[in-house]
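Visitor: Handing you this structure, nothing more for now.
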């Protein structure tokens with residue numbers, strides 16, 4: 001049954017039906033998926049605040065001048081902005097390396113912390129890079145620790161059990177990612193955005209992200225920023241109620257989504273990760289290395305060829321997504337807490353990030 005027919009089908013649960021449709025490994029009818037590289041239909045051009053970000057600050061964040069970006073909205077989704085890859089050539093590599101090498105380091109928190117002793121998770125990159133570099137194409141080869149990574153939290157660490165942030169569980173937010181987020185938010189009309197919490201999700205071809213809404217932040221007036229790198233995916237954007245039928249869209253490497261206003265509290269999901277549409281091991285936007293002359297004050301760093309080889313091998317079957325949030329309004333504080341210790345991040349490593357194998361087996365404990 002085609003996706004359109006599933007949408008028209010009566011009764012509740014349209015989101016769940018479409019999630020299952022796109023989740024199928026053999027789902028071949030993708031004609032109804034919005035492709036912002038060839039916009040049409042319900043897609044319209046969205047205006048950006050070009051004067052809010054200087055070309056120099058854009059360059060420092062690894063972005064093209066905002067005047068060169070294309071931004072789109074979707075009819076029926078006020079506050080939703082889609083920006084197809086605004087990154088300068090080579091600059092996506094920095095963020096991929098940070099997500100694999102730096103951001104999983106302590107004191108940040110990841111799903112592996114739930115099942116492994118602290119000393120086992122202090123250097124995921126060092127423990128995984130040789131295994132990744134040697135890795136062949138067989139899916140039966142054991143996964144490295146980096147390949148078992150499902151999520152990392154930054155800044156105010158999200159508690160998957162209570163679905164809350166806490167003043168008691170906070171570590172410094174990465175300055176480079178904060179700067180990138182501030183520029184993107186300003187370009188979308190949200191000057192003064194403060195990147196206070198980040199959730200990084202790591203997907204493979206057998207991964208999905210269940211239907212949910214991001215409402216735990218205390219300030220919903222600020223946008224949710226989403227950055228994607230690596231393989232492509234289908235993203236479903238629904239309504240204020242879980243049952244409402246969603247709109248399906250492709251997300252490719254370098255694409256940015258901004259959910260604000262009405263769209264800030266909409267249900268959404270990622271049912272499926274897809275090979276990039278160019279048919280190559282990696283999308284071509286990741287082929288280019290960084291130029292040697294980065295601007296003064298750039299937050300972008302050069303990667304060694306050795307480090308990028310590890311990242312590239314990982315991305316051949318994976319996608320990384322960074323979602324950045326402002327948790328508190330200016331001057332706002334968390335309500336008083338009782339009996340919290342900032343621990344107990346989740347009862348399962350897949351409480352937020354689903355894996356097809358997790359439905360048949362207990363979560364891997366290593």
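Here the Cβ of each residue, glycine as well, is placed from N, Cα and C on the backbone.
A TrEMBL annotation is a machine prediction, not a hand-curated record.
So TrEMBL has the following annotated:
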{"type": "DOMAIN", "residues": "191-328", "note": "domain 'Fe2OG dioxygenase'"}
{"type": "BINDING", "residues": "212, 214, 268", "note": "Fe cation binding site"}
{"type": "REGION", "residues": "331-366", "note": "region 'Disordered'"}
{"type": "COMPBIAS", "residues": "338-348", "note": "compositional bias 'Polar residues'"}
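Can you tell me where each of these features sits in the structure?
Guide: When DSSP labels each residue, the domain 'Fe2OG dioxygenase' (191-328) comes out as 19 helix, 51 strand, 68 coil, counted as helix, strand and coil in that order.
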Visitor: Looking at the binding-site residues 212, 268, which sits with the largest number of other Cβ atoms within 10 Å of its Cβ?
Guide: 268
Visitor: Suppose we draw a 10 Å sphere around the Cβ of residue 214 (Fe cation binding site). How many other Cβ atoms does it contain, all chains included?
Guide: 18
Visitor: Other residues near the Fe cation site, CB within 8 A of the CB centroid of 212, 214, 268?
Guide: 211, 213, 266, 267, 269
